[in-house]
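Here is what TrEMBL says about this protein:
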type     : residues : note
TRANSMEM : 12-35    : transmembrane segment
DOMAIN   : 19-405   : domain 'Major facilitator superfamily (MFS) profile'
TRANSMEM : 55-73    : transmembrane segment
TRANSMEM : 85-103   : transmembrane segment
TRANSMEM : 109-134  : transmembrane segment
TRANSMEM : 146-169  : transmembrane segment
TRANSMEM : 175-195  : transmembrane segment
TRANSMEM : 226-242  : transmembrane segment
TRANSMEM : 262-281  : transmembrane segment
TRANSMEM : 293-310  : transmembrane segment
TRANSMEM : 316-332  : transmembrane segment
TRANSMEM : 352-374  : transmembrane segment
TRANSMEM : 380-399  : transmembrane segment
Amino acid sequence: MSSKLSKIKERYRQIPFLVWSLLLANIIFNTFRFMSMPFMAIYFSEKLNLTPAEVGVLIGISPLSSLVFSVVGGRIADRFGIHKVYPIALLIPAASLIGYIVFENYLVIALFSVLAGIGWTVYNSTSNSILALHTPKAHTEVVFGYNYWVINLGGVIGPLLGVLVIEMGSYETPIVLFSIILVALAGSMIGLFRVKKADISAHYIEAEKELAGSTSIFTLLTKDRVLIWLMLSYFFIFFIEAQVDTNIAQYLNGSFEDGVRLFGLLVAMMTGLIVVLQPIITHVFSRFSNVRSFVFGNSLYFLGFLILLFLNNFTYAWFISFAFITIGEMIVAPRMQAVMAKSAPTNLKATYFSLIGAGGNFAYAIGPGIGGLLLTNLSINYLFLFLLFIVFAQFFALVQANKSYNLKISDSSSPPTINGIKKS
């Protein structure tokens, strides 16, 4: 027992201090983000006396700008340096949040929502890129598993803190606190990056070598099979998530006497499972190969929707099904990010992460509409049948991504370059 514990301690000692610091920054960021964002619609409604449709536009502009700017933002981050752009990506939303409070003009606030969306997407791509860059490859799966966990942990703690803060102050209070935290995080990470300048410089030297003699980035992106398959995988996994958040929630509300409460209990159960089980699953599945993890995780997805296909009239079936789906996601989602982290060229990590993120955003853009058509014109069973097909497509895309990644690393023992030339 003591030998196992010593091995675990040794493994975690091999993860750099910068990586642990970024994970801590991520949990702080997500806690304060979820403390303020869920109440933003109420704040806009009370401050500007807007209709629900007008509030919806303000809320929706931010993720739309994230989708539109995601690839450009990732490319800019790679061009100017992810360590330099990361703090800026925090300061832009910080300024936007203050703008929400200072200004009352609808169009001005809409502009700040656009800027906030740009900041969020650049933050996500640079944060993942820095984690990928500084994590030893042997520990990539573990680090991204914990990163997935801290994001969800923030999603649990944040709204609870938000309610307490609003009760003691107003709807403006969590927004101001979040803005202050963003500035503090930006400043602290700038200081940390300066302290670790030698390590960062080494990565920039490697990136400059990869840029030498490059031909076309577009050519690389269109020929990188790992990237293409992972973009599809992200689309599929977020397509499933979009159905849970929209069409399945509506079905429960219309089909069960207390459907809203049932959906709330399901979400609470899913969140609780992630908070409790994610560290355990991360540790256990770090010993498994990518393919075995994908097989196990997607099998749970498939089993979950298969149960609902035949037993969706029974309340207990929903809890069993959502438990399987949640555990499947805990296995698959971090492993997908880990494959991307290892595969992306040093000088294009933010671009790659922004591209696969765009796949997920696109799924959220069209997923509710497609699922809604099936639910409205056919029935919930046809939606579940379609989701079973999506799970199979997701599994196929993940296996192909892993296969392409193995071919890539077998072709060269060096990291991939942006012109595909092997490094000696």
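Heads up, the Cβ atoms here are built off N, Cα and C, so glycines get one too.
Curation does not apply to TrEMBL; its annotations are automatic.
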For the domain 'Major facilitator superfamily (MFS) profile' (19-405), the mean pLDDT of the predicted model: 83
Cβ pairs under 8 Å between the transmembrane segment (316-332) and the transmembrane segment (293-310), at least three: yes
Within-chain partners of the transmembrane segment (109-134) [C-beta distance under 8 Å, separation at least 6 from its ends]: 16, 18-19, 22-23, 25-26, 29, 44, 48, 57-59, 61-67, 69-70, 73-74, 76-78, 82-83, 85-86, 88-93, 95-97, 99-100, 103, 140, 143-144, 147, 199, 203, 337, 340-342, 344, 346, 349-351, 353-354, 357
Which of 85-103, 175-195, 262-281, 293-310, 380-399 contacts the transmembrane segment (146-169) most, counting Cβ pairs under 8 Å: 262-281
Intrachain neighbours beyond the transmembrane segment (85-103), with Cβ under 8 angstroms and 6 or more residues off its ends: 29, 36, 40, 43-44, 76-77, 109, 112-113, 115-116, 118-120, 122-123, 126-127, 130, 172, 175-176, 178-180, 182-183, 185-187, 189-190, 193, 350
